[in-house]
Amino acid sequence: MAANKDEFSVKQIFPKLGGERGARNPRYGPTSSHDLVEQMEFLYVQVIQAINNSVVNPSARICCPVVEITLGNYKSSTKNLPMGPNMDWNQVFAFDKSKGDVLSVTLKDGPTNTVINKRNFKLASEIPTRVPPDARIAPQWYSMHNTETDFYMELLMSVWFGTQVDEVYPEAWFSDACEVCASRVINTRPKVYLAPRLCYVRVTIVSGHDLISKDKNKTPSVYVTATLGKVALKTKVSSGTNPSWNQDLIFVASEPLEGTVYIRLIDREDEQHEGCIGTLKKKLTEMTPLKVPSSAPALFYDIEMPTEVKPAGDSRRFASRLKMKLATDQAYHVAEECTQYSSDNRAFVKGLWPGLLGKLEIGILGATGLKGSDEKKQTIDSYVVAKYGNKWARTRTVVNSVSPKWNEQYSWDVYEKCTVLTLGIYDNRQILEDKNKANDVPIGKVRIPLNRVQSDWIYTCSYPILKLGSSGLKKMGELQLAVRFVYVAQGYARYSAPFRWMLPKAHYKSPLSMYQIDKLRAQAVEINCANLARTEPALRSEVVSDMLKPKSRNFSIRISKDNFDRLYTVVKMVLWCVSVIASVRSTTACTPKFIALGVSFVFLFWEYYIYWLVTSWLVAYCIVLCIVVILLREILKSPRQTYNWLFYRNVTPPPLILVDLKLRKLDSINLDELAEEFDSFPSSENDLNILRMRYDRLRKIMENVMLLMGDAATQGERLLAAFTLLERPFVLIILLALCYCSMLVVCLGWDLHVRKCLIFVFICYWVQLPWFRNNLPDGSLNFFRRLPSNEDLMF
């Protein structure tokens, strides 16, 4: 199955950013908070309050007003909105101004559905336009009288044309969501979330003192459990009245660090029975805050026993003690993402943060051709979540559209450029009343590494949303983005940033193991899910966990081939250099051999002439000539871009390449390899023929790996065997004699000219001139091949 390269490639687009007034280079043109998106014009209608002045008709005085707003085929109403005690709603409705010519505002009596009055506004002449930072349009009272039914009411409202820059945009009820239940409209609104920063809590259980078992005739076998929130960790079992553990139990907590750690000592009476012999609780605020890489002091803590214990003949209070180190490790960065997709490396304490490096701005323009997981559903209620650092941004939900337009812009502070921005697009399942318990469905993700983004350029591209499954590579649509990174730091701070530590110093002074990092990352994800689920509107847990989902570690033949090709590409240049040098030695032609000897002779004996040539003006002229040739070549290669850069400072950057199908072995896909990659563990495949075929394929691959590992082990064992020969006295004596002879030769050849002659003679021998040439193996190589290895001992 071959993938279409053009279909899955990043395409360059040319939107009208900033309403055709945005500059491509922020240094040379006007910018605004929305210069990376296309301007969207809306008709805003703010319905604030109604007043009932009816005095003639008694039934009119108990009116329950409802406002209906109509533009073309779109209709919105306050019917399902909660009404205040003074008949106020204070709700903003937003319509696409191109959907009609006349805006109709109708006031009705809700219980009887009686029309009280109607107001019509012509869009072409009667509605003003507001562009921030202009002041808000003042609301007006409109008389809504009906002489036939004796309704005398007034409606306070305001109507204006605006864009997505307007302050009411995040709280507006859009016309495409008019069918959404009023209680669910909040789930369609855009929002920015700041996740609380995370910190490690280190509980080091050192030892116990004077521990007493419930059974006085038994030596206690105790382990310690510590619980913070929903996470419980325990130590190993240690026996004795003064057991020792010296074991770290590390938790993850979020600011403002108000939790409590509960510690229990469990005595293992036998394999089936356990009993608690002591408890202790400590608040996080009582622990030692470590803001530099260090260790907390070890202190003794009295344990609260389940039953009071008093030794015989002693009236003093008796208490077992536990020696511990309790600290909040604020000098670490808590990883919530995998290393490849990390977007933040800062420590918990703000004093350890590096200087601000730059600003990242993202314009989420829209999407095209979206496909949901449910093929029966023709439309999608989609929204985008962008995550960088602890700041999450969520666009509004565009209802019933496979090609939504958002045109929302967000920005982030960047402290490290070697990070990744993650954007996920989801199908909103929370906007219908009957889908209260349904989860939002992920459509796909796009990741943009910042180290591939050049500063001061605006990348406007359409990124494919790819989903890889057992059936192959599937395109779920395209996400249109405008990306810009601008440096804020200047001078030394900017150019020294690539050389500073990627992680806080504590990660290098007291590093955590990969096993610990994976376990703590799982804790961090759960805490983030819980924290963001408590916001309003909530960023749901399934969305947060999907955005923080790490790379799969399942076995994949496709990825194995990919990693081999990557490794081969890295060492290809080294292998090429080695092959060129080896070809000089192995060839029968004399020309390359004499060239090598000539170059060696010049560098060994004519160094004065080389020094004169380097310090002369001739070399400087040659370097300047090379620079001119390089610049002319670039100018002639793309004259239009050079002209734009020189006169307009406006160069369209090339599209960012985020996925290399050939490198990832996705240009030609083996469906069985994909089925094996996405198979569960243990395997859920029931077809024995398929399992046998996969097993035979793996055996063939591992056969080559086995032989390669065996050859490498054999050569290494022969090298070790050469050192074991030194244990023999005769060999040691010969080695000392050879060392003495070598030192004698070095001393005799210490003169510069003699040393150069010795080096030149060695080069002459190494290149194997015709009179030195010998196709038979060298004596040292013959000796090395005769050294023993453990391969002979294997059965």
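Every residue, even glycine, has its Cβ placed from backbone N, Cα and C.
Going by Swiss-Prot, these are the annotated features:
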type: BINDING; residues: ASN57, ASP109, ASN113; note: Ca(2+) 2 binding site
type: BINDING; residues: ASN57, ASP109; note: Ca(2+) 1 binding site
type: DOMAIN; residues: 24-142; note: domain 'C2 1'
type: DOMAIN; residues: 180-298; note: domain 'C2 2'
type: DOMAIN; residues: 341-463; note: domain 'C2 3'
type: TRANSMEM; residues: 590-610; note: transmembrane segment
type: TRANSMEM; residues: 612-632; note: transmembrane segment
type: TRANSMEM; residues: 730-750; note: transmembrane segment
type: TRANSMEM; residues: 752-772; note: transmembrane segment
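Per-residue confidence over the domain 'C2 3' (341-463) averages out at a pLDDT of 90. Outside the transmembrane segment (590-610), and at least 6 residues removed from its termini, the chain residues within Cβ reach (under 8 Å) are 583-584, 756, 759-760, 763-764, 767-770. Same-chain residues lying 6 or more positions outside the transmembrane segment (730-750) and placing a CB less than 8 Å from one of its CB atoms are 757-758. Secondary structure of the domain 'C2 1' (24-142) per DSSP, as helix, strand and coil residue counts: 8 helix, 54 strand, 57 coil. For the domain 'C2 2' (180-298), the DSSP counts in helix, strand and coil order read 10 helix, 63 strand, 46 coil.
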